[in-house]
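A.B. asks: Below is one structure. I have some questions about it.
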């Protein structure tokens, strides 16, 4: 299920290697109905991940499509989470988030995201910007300085708190990973391979169907957190993302795996500083029950939890 990436043009990561020429390819990848300025929400309507009726035209699905979607939804709701050991310190929990939890996550992100400290388009002083919308919970992450703070630099907004529901789901995912690792041959102590972690930071990204993110490392947390290998826990909702990961920034040597709605990916321990990114979002792959119940815009909602 995990395959090496076919050689493609290397893409540098905006968060860790800032260059205006490299970043220009990420410009203008937001939604057409949300006019959010780079690094500022001043004078612009808040970005709503659950969309606006003006943003889309509803097309009545055929009976075949309706029945196919019902069958897929039933199969998914009846299935159990399948865990995959991608590499030491890296576990993928397929279909871990239950349908009701996914809807609640989207609703909570939408509620917080349209308020103060909510979604905006992150950018750099040279005018380059990332191809996603971002919101920070717990602490603010500044992509221009690659550092965390207690307020957002461009508007002074304090990051909203991480909802307790999110923390409970994170602990559940880490616990499930430990149980999975206990059953693996050669794993004597799951907590060593994948250390326990209580998040105080959550970065919420919304990718449109054209969004992507170059290979990068999450290494702006405290030295203590990085040294201990405290894991990053990633929730995926909405459209499927093609996720890349490897030991270097070279995407021709990276592996890839699809992250579908409801999947949870955890990487810590010796994989804590792994290079990772999103090479593409696969349009129209979100299940219809999810978009019908949440009204989530086309794209992918991603929450990454970590400990500062």
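The backbone N, Cα and C atoms fix where each Cβ goes, glycine too.
Since this is a predicted model, take the numbers as computed values, not measurements.
If you look up TrEMBL, you'll see 216, 218, 276 marked as Fe cation binding site. The domain 'Fe2OG dioxygenase' feature in TrEMBL is assigned to 198-308.
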A.B. asks: Rank the binding-site residues 216, 276 by the number of other Cβ atoms within 10 Å of each Cβ and report the first-ranked residue.
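C.D. replies: Selected residue: 276.
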A.B. asks: Within its own chain, what residues at least 6 apart in sequence put their Cβ under 8 Å from the Cβ of residue 218 (Fe cation binding site), listed in sequence order?
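C.D. replies: Set apart from residue 218 (Fe cation binding site) by at least 6 residues yet with Cβ under 8 Å, we have 232, 272, 273, 276, 304, 306.
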